[in-house]
Amino acid sequence: MAEWNTSSVTEFILAGLTDQPELRIPLFFLFLCFYMVTVVGNLGLITLIGLNSHLHIPMYFFLFNLSFIDFSFSTAIVPKMLTSFISEKNFISYAGCMTQLFFFCFFVFSESLILSAMAYDRYVAICQPLVYTVTMSPQVCLLLLLGVYGMGVFGAMAHTGNIVYLTFCGDNLVNHYMCDIIPLLELSCNSSYVNLLVVFIVVTIGIGVPIVAIFISYGFILSSIFHTSSTKGRSKAFSTCSSHILAVSLFFGSGAFMYLKPPSILPLDQGKVSSLFYTIVVPMFNPLIYSLRNKDVKFALKKTLDRITLS
């Protein structure tokens, strides 16, 4: 059992996805397969972009980082989640829990911001094509990336600091498969309105602002497309943006999923179901979306396979 003192706990127990024993082994293998697809897909996309010089342009520079974020995000959460299916009690130390919370927040904010940077890249490519190479120079791309990771660190530190200063003096069972903000606030014996306000403000900045930026970018893009007389030009513009729109819809739509959860045969809380999208579905599908719907990536894959076959 956990060690206690008068003010805090030294470890937590993660409840996991389900308390039904007969579901644990099937779910373990299901999510293990999902995780393997995530790892192979994202590392494969990272390798393809790295090895093929014709993909060394801003669009794929951001996609490279999106794949890195998705791979790291999933790796920070899923292996520990899998443990809950095969362990009677899935313990995690206090320090381990805070570390997982930090990286969870960091990758959520980073993904949100990298998607907004990709939307800006598409806006410049479609609305200002003549100055694209100047506007999206390597220096600008690097600054945008530093902004993405810098804001990711800020959001993660704000959320983790908000939790670290709380006192845990009661139950140490976290009703989740990971250390998330709301379940930890519920366990604390001194959380207050101020803590919830901090969560709201940081989420508004880290998630709300990128959503607004994406909507503004696509507002200009749609306006530009509708003012294009060429049908071929419109088709090319829509094709260029389609993969990104799917990725954005999947990521931000998962936040709304917890409010629109359909009846399920599994006894899962809404918060857990929503988190499954962030930690498993989004990182798994992003490389598939960009691979299956992208001619450049398909060409790079064929070129790389031919290179391997001939060597």
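Glycine is no exception: its Cβ is also placed from the backbone N, Cα and C atoms.
Lifted from TrEMBL, the feature list:
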| type | residues | note |
| --- | --- | --- |
| DOMAIN | 41-290 | domain 'G-protein coupled receptors family 1 profile' |
| TRANSMEM | 27-48 | transmembrane segment |
| TRANSMEM | 60-79 | transmembrane segment |
| TRANSMEM | 91-109 | transmembrane segment |
| TRANSMEM | 193-226 | transmembrane segment |
| TRANSMEM | 238-260 | transmembrane segment |
| TRANSMEM | 275-292 | transmembrane segment |
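By number of Cβ pairs under 8 Å, the transmembrane segment (275-292) is matched best by 27-48 from the list 27-48, 60-79, 91-109, 193-226. Tallying C-beta pairs under 8 angstroms between the transmembrane segment (27-48) and each of 60-79, 91-109, 193-226 places 60-79 first. Through the fold, the transmembrane segment (193-226) approaches residues 108-109, 112-113, 115-116, 119-120, 122-123, 126-127, 151-152, 154-155, 158-159, 162, 166, 181-182, 185, 234, 237-238, 241, 245, 248, 252, 255 of its own chain, all at least 6 residues removed from its boundaries and within a Cβ separation under 8 Å. Same-chain residues lying 6+ beyond the ends of the transmembrane segment (60-79) with a Cβ under 8 Å from its Cβ atoms: 31, 34-35, 38-39, 41-43, 45-46, 49-50, 100, 103-104, 107-108, 110-111, 114-115, 117-118, 121, 141, 144-145, 148, 178, 247, 278-280, 282-284, 286-287, 290, 296. Averaged over the domain 'G-protein coupled receptors family 1 profile' (41-290), the predicted model has a pLDDT of 86.
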